[in-house]
């Protein structure tokens, strides 16, 4: 039986001399107590040495992934196939690949593991020609290379540098503010007008460092820092200043403070450039989405880029506003809509009405960019630029929607225009060019009004006729009551009908055409009454 043993120096193939002793697994370690005993159990048949660490790294990465290296394939074809013996391997997965590709029988068992442990303990005595110092150096180099490969370590992707840089930048800003405030107050006793004329802090300190006492402003040239107009104003103010006189020692201490301010300002500029470059190297997509400072503060708040990538979009949105969040939860009020992400340019340029909506969308896209930067192999910022363009388009739509609501053009723009085919021939309407008086719409309305007046007059005439007839009938009915002592039921009904007709108002729109005409029976009765009277 042959044994494949991998070392940091090369591949070793051993021949098992006494296979009977392999049956006793528990006592096999006793056979490898000394190099002499080990040489009685196994014997080196072939040793394939690596040329350098790169070759060793390629071989071991292939072994870890369960693949056969070209160099190993050559050794197995040359040595093992000719021997026609089974091959003992430490990895069962590797044995399956060797059996599949080279058609060699492989063995993997607890006995093989114990045999490998014994060979490893006496490796220096079993492999001649390899010095212990060389073996140790190769082991150390291969260990570093393997760990770097497995962790996919990159010197550029060290987010610890970002955490420290942004913290130092914040500290420098605080120190600069304190120093500049102290410098302005201190020198303000001597020349108070200078602080009102020069608003820039760095320019103020540079002018102060160059001139010192206000008496020297008349002869000093400040064209390096100030424009001609401001320089003339400073010189004029120095002549009529209301400040007190100070000693040379005071001026000296103020100048030392100005030197500190200038040096810290220059270092801050250098540190900001370093932070920009480091952010573009580690998280280019996050930098495009929210900027260098906001991205660095998010990473610093989470601790690292990997920790930040594990957060949800809703967490990233309110990251940095934990105090306000827990205060709102405790008092049962509305929770904050944004934290550190509020300082991003996309949220800053939005109107207050849409800040919450944009911060939510920006947090969702920023989380995608963070995960792409943390786990992706590509180092380009194309994905971040594409997502930022989408957010800007969405922001424009939201802003336009608000403008349309104010102007009232939203419904007009929402209506689809009528489709007109290009082949349609459009004719010119000449009616607009005519200067002759035409019938206006007002005249048509007047004609309609006249017709309405005519119909109303006819309706009134019909009403008057109906009323006259009803009155005549009422008089006739009264006369009949006088003549006849007992009126019949039919006459009462007729009277009721006549009263009902008198009470009902007739509509003006539909004039009543059916008039109450007396029946022929009534006419006969009237004639009889007249004859009786005669």
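Heads up, the Cβ atoms here are built off N, Cα and C, so glycines get one too.
Keep in mind it's a predicted model, so treat the numbers as computed, not measured.
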(request) Would you mind telling me which one of 434, 507 Swiss-Prot calls phosphoserine? (result) 507
(message) Using other CB atoms within 10 angstroms as the count, which residue among the recorded sites 353, 467 scores least?
(response) 353
(message) Return the average pLDDT for the domain 'Nop' (282-400) as a whole number.
(response) 90
(request) Could you work out which of the modified residues (34, 304) has its C-beta surrounded by the smallest number of other C-beta atoms within 10 A? (result) 34
(request) Could you put numbers on the helix, strand and coil content of the domain 'Nop' (282-400), residue by residue per DSSP? (result) 90 helix, 0 strand, 29 coil
(request) Measure the Cβ-based neighbour count of residue 465 (SUMO2 cross-link), defined as the other Cβ atoms within 10 Å of its Cβ. (result) 12
(message) Just to be sure I understand the packing, how many Cβ atoms besides its own are within 10 Å of the Cβ of residue 109 (phosphoserine)?
(response) 12
(request) Have a look around residue 351 (phosphoserine) and count the other CB atoms within 10 A of its CB, chains all included. (result) 11
